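Trainee: What follows is a single structure, and I will ask about it in a moment.
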Amino acid sequence: MFMAQTLGDAFAFAAIEEIKEKMKIVKHKILVLSGKGGVGKSTFSAHLAYGLAKDETKQVALLDIDICGPSIPKIMGIEGEQVHQSGSGWSPVYVEENLCVMSVGFLLSGPDDAVIWRGPKKNGMIKQFLRDVDWGEIDYLIVDTPPGTSDEHLSIVQYLSSSNIDGAVIITTPQEISLQDVRKEINFCHKVKLPIIGVVENMSGFVCPKCKTESQIFPPTTGGAEKMCQNLNISLLGKVPLDPQIGKSCDQGQSFFSEIPESPATSSYRNIIQRIQEYCGLHHSQEKLSNQGME
Amino acid sequence: MEEIDYICNLAGVGHILLVLSGKGGVGKSTISTELALALRHVGKKVGILDVDLCGPSIPQMLKVQGKGVHQCDSGWVPVFVDQDKSISLMSIGFLLEKPDDAVVWRGPKKNALIKQFISDVTWGDLDFLIVDTPPGTSDEHISAVESLRPYKPLGAVLVTTPQAVSVGDVRRELTFCKKTGLQVIGIVENMSGFVCPHCLECTNLFSKGGGEELARHAGVPFLGCVPLDPQLTQSLEEGRDFIQEFPKSSAFPALAHIAQQILDRTSPQGS
């Protein structure tokens, strides 16, 4: 699929091989995608990382490749941290002993600093993140992406093409204007042969704190993610209701699992994370079997 | 020869306005559409240029998805969305074979199409051209600003939701405006409060006040708060006549006020 037709392609190839070596010590790679902006990708990525890192025997890494809008440092309460270089590469920022993060956010001089880059420069940054960061041995590498189907998405798939991505988790909200973009993202995944772990429907219903009646803030006029998943034969991993505390926790750089442990949103998330872990476990066994078959 | 054609297609446009945000999902396309309708409500002719190539939302909002784009001698004819032709629209959405087709393009190809959209669409006489953008500060934004520079855009309206994670990205968009010499007309705080239709209790779903605070901090005008109206969202979704329903929405007064502030900027005493 990625035949070298230009010198540029040849350089990309070299990078792919270098990255393959680096990724050998990363057991599972999960991309978090959406066609649509503002559906909760970064919130999901951060909390997937927190959830997986609850098992202290696992090493979890979160790579934020939203170069223009890096939200992960703020969401995880590590805004303003710096990245250091050593002989073995760039050191990621540790949130917990077994959870580290890399984002362009750490390379900016301040909150007003904008990354006004065209595609090729963004691609270069992503390559560096994969090749030059000293991740160490990782059980789960989660990659948070910007909305769309462009440079960042093509690059991450291309650079990881020899490194076996477990799959993509696709985030949406219930309304058709989101699903429209999400279907495009699903098409993108099919085009680049990226397996889809499943879809998460976020902001799915809001319970008024006063009268306890449920409202649909983003009405699922075309059946929501459930109908879309049925039509496209993709797994619906779960639905997460809109809890205003989630936004607040993210703004404060706190995990909402610890801030609102009793919220229905927290239990939805935990179920979804479990399903992702099961998928990865199955994927790992299947891979082992096929490798053994090849020997 | 080419230069004359280049000038012709935007020659009849009174004012060009960009709608930006660093952040996705804050309602840029919705606000672009609502602003166009609010300006139309006071008798203005408005064009909308949708340069979100990966996620073109506006054709669906105005119930014109699936329409074809015709060519004339001077270029592409935009799609009219209403009977009296007071709102016209151009979007990559009209050029896709199937609505679920993904536009998986790297920067250079996106830049080329944006340049074409700016030079080759025959807008005719418009009071306002609103340019809706995708989130970020990358190819689409750089290309749009560079191509529009000769036509001296009025400026940019920046949309945010109230919470800090959004405001954080919009701060960077303000820097983009500064660096590219694009004047900031002001900041809109969208999804600012949700009124429960059952008990009328107002909940701040995505916090409150972040947009206003940012405007104060950055020394730019604060254009107003727009509340979340799920009925309006539903109307957009179901392709109901948004143009008729919009004036009855709880979001309308805020949008009318924003439109008025923009109109004030275009009057001789305004700037």
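Every residue gets a Cβ built from N, Cα and C, even glycine.
Positions annotated as ATP binding site by TrEMBL: A:Gly35, A:Lys36, A:Gly37, A:Gly38, A:Val39, A:Gly40, A:Lys41, A:Ser42. Residues or ranges marked as [4Fe-4S] cluster binding site in TrEMBL: A:Cys208, A:Cys211.
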Trainee: By the criterion CB under 8 A from chain B, which of the binding-site residues A:Lys36, A:Val39, A:Lys41, A:Cys211 would you report?
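Mentor: Cβ contacts with B, in sequence order: A:Lys36, A:Val39, A:Cys211.
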Trainee: For A:Gly35 (ATP binding site), what is the secondary structure state per DSSP, taken as helix, strand or coil?
Mentor: coil
Trainee: Across all the protein chains here, work out how many other Cβ atoms are within 10 Å of the Cβ of A:Gly35 (ATP binding site).
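Mentor: Result for A:Gly35 (ATP binding site): 27 neighbouring Cβ atoms inside 10 Å.
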Trainee: Give the number of CB atoms, excluding that of A:Val39 (ATP binding site) itself, located within 10 Å of its CB.
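Mentor: Its Cβ has 26 other Cβ atoms within 10 Å.
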Trainee: Distance between A:Cys208 ([4Fe-4S] cluster binding site) and A:Lys36 (ATP binding site) at the Cα atoms, whole Å?
Mentor: 26
Trainee: I'd like the Cβ neighbour count for A:Cys211 ([4Fe-4S] cluster binding site), meaning other Cβ atoms within 10 Å of its Cβ, all protein chains included.
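Mentor: Other Cβ atoms within 10 Å of A:Cys211 ([4Fe-4S] cluster binding site): 13.
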Trainee: Report, in whole Å, the straight Cα-to-Cα distance of A:Cys211 ([4Fe-4S] cluster binding site) from A:Gly35 (ATP binding site).
Mentor: 34
Trainee: Within its own chain, what residues at least 6 apart in sequence put their Cβ under 8 Å from the Cβ of A:Gly38 (ATP binding site), listed in sequence order?
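Mentor: Within the chain, A:Gly38 (ATP binding site) has Cβ neighbours under 8 Å at A:Pro147.
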